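Q: Positions annotated as active site, proton acceptor by TrEMBL: Lys33, Tyr242. Under the heading substrate binding site, TrEMBL lists Arg128, Met290. The annotation domain 'Alanine racemase C-terminal' is assigned in TrEMBL to 221-343. Feature annotation from TrEMBL assigns N6-(pyridoxal phosphate)lysine to Lys33.
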Amino acid sequence: MSTAILTVDLNALVANWQVLAAMSRAETAAVVKADAYGLGAARVGRALARAGARTFFVAVAEEGASLRQALGPGPVIYVLSGHMAGDADMLSDMDLCPVLNSLDQMIRHLEALPGHPFALQLDTGMNRLGMEESEWSAVRDIAVAQGPQLIMSHLAASEIPGDEANRSQLALFREMTAGLDCPLSLANTGGVLLNRAYHFDVTRPGIGLYGGRPFADARPVATLDIPVIQCRDVAPGEAVGYNGTWIAKRPSRIATIGAGYADGIFRALSPRGAVWADDMRCPLAGRVSMDLIGVDVTDLPHDPKTLSLMGPDQGIDDVADAAGTIGYEILTALGARYTRRYTGG
Ligand SMILES: *Cc1c(COP(=O)(O)O)cnc(C)c1O
């Protein structure tokens, strides 16, 4: 084994989807943008479709086209960036449903693909995508007359249950959709966990499927095992890695493993990060390099063959905490060089 191995547990993925689905009466979709948060949209999508998922969300039309090829006809695929210039053929050929974010997109869609399904996004306070109240009140009647397949909005702070933004977004979403006879959607993973008032007709979990916070009961989905290339003894006072930021305080054993920041293992992980040999924690020694990382394995009984960055003792959120970021970024940064293996499903 010369490259690190990323193992994706499709049974855990499906179990996470099922637990989130059991929390509400709404239909539970699956957000598989950014190649299913780095874990492989084709395999993830097929496993979830087999488990009963009928609706998927991607970020851009190109992602939707590859997902359609993986899933075949049937499942609904929403494109969150909406109908962008030049997308008409792909949306039509691959049977993708754009989530229209503005009046401009609505005009473009109705002109280019009259009669082709679409959804609408409303902005309820995040100020990122979607029509604001004023725009919406001007076009609402015309838009609704065209029969949108879904009307949705997105929560900005759903992972923090007490955040006032949740209640104000919910209230505004209700107000903007009052009296409409159309399926509605507001909740991402955090929204599913808030309470049923946020669920409406379709929920849109992403990170929870992949084992991340705020879904505390999620089963871990990703495991990352990195091969050890070389081990060496280092005397007290000797330095390891670029700029000698780690200096041995005792006679030490250093393992050099074959992955680095080019694989999405952030340099910021250096001072606090660790990898694991079975249930033994081994601190990183020195800076993360492009393709290599030094690890202090002095306390192990023997030289390891591989060390795990993600596994049973250290999940994506632990890695994120050590790097000062969020699990989403850890997953979506996962390197293209890894050998990806899929179990279960
Ligand atoms: C990414 C995304 C989601 C999924 O969010 P998670 O926090 O990963 O569950 C849902 N809806 C929209 C609009 C998104 O962009």
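Using N, Cα and C of the backbone, Cβ positions are placed for all residues, glycine too.
Mind mapping these onto the model and telling me what they sit next to?
A: In sequence order, Phe57, Val58, Ala59, Val60, Glu63, Leu80, Gly206 make up the list of same-chain residues 6 or more apart from Lys33 (active site, proton acceptor) whose Cβ falls under 8 Å from its Cβ.
If you take the C-beta of Tyr242 (active site, proton acceptor) and look for same-chain residues 6 or more apart in sequence within under 8 angstroms, you find Gly286, Arg287, Ser289.
Less than 8 angstroms from the CB of Arg128 (substrate binding site) sit His154, each of them six or more residues away in the same chain.
In the three-state DSSP assignment, the secondary structure recorded for Lys33 (active site, proton acceptor) is helix.
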Q: By a simple count, how many Cβ atoms lie within 10 Å of the Cβ of Met290 (substrate binding site), its own Cβ left out?
A: 12
Q: Using DSSP reduced to three states, classify Met290 (substrate binding site) as helix, strand or coil.
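A: In the DSSP reduction, Met290 (substrate binding site) maps to coil.
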Q: By DSSP assignment, list the helix, strand and coil residue numbers for the domain 'Alanine racemase C-terminal' (221-343), in that order.
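A: In the domain 'Alanine racemase C-terminal' (221-343), the DSSP-based counts are 23 helix, 48 strand, 52 coil.
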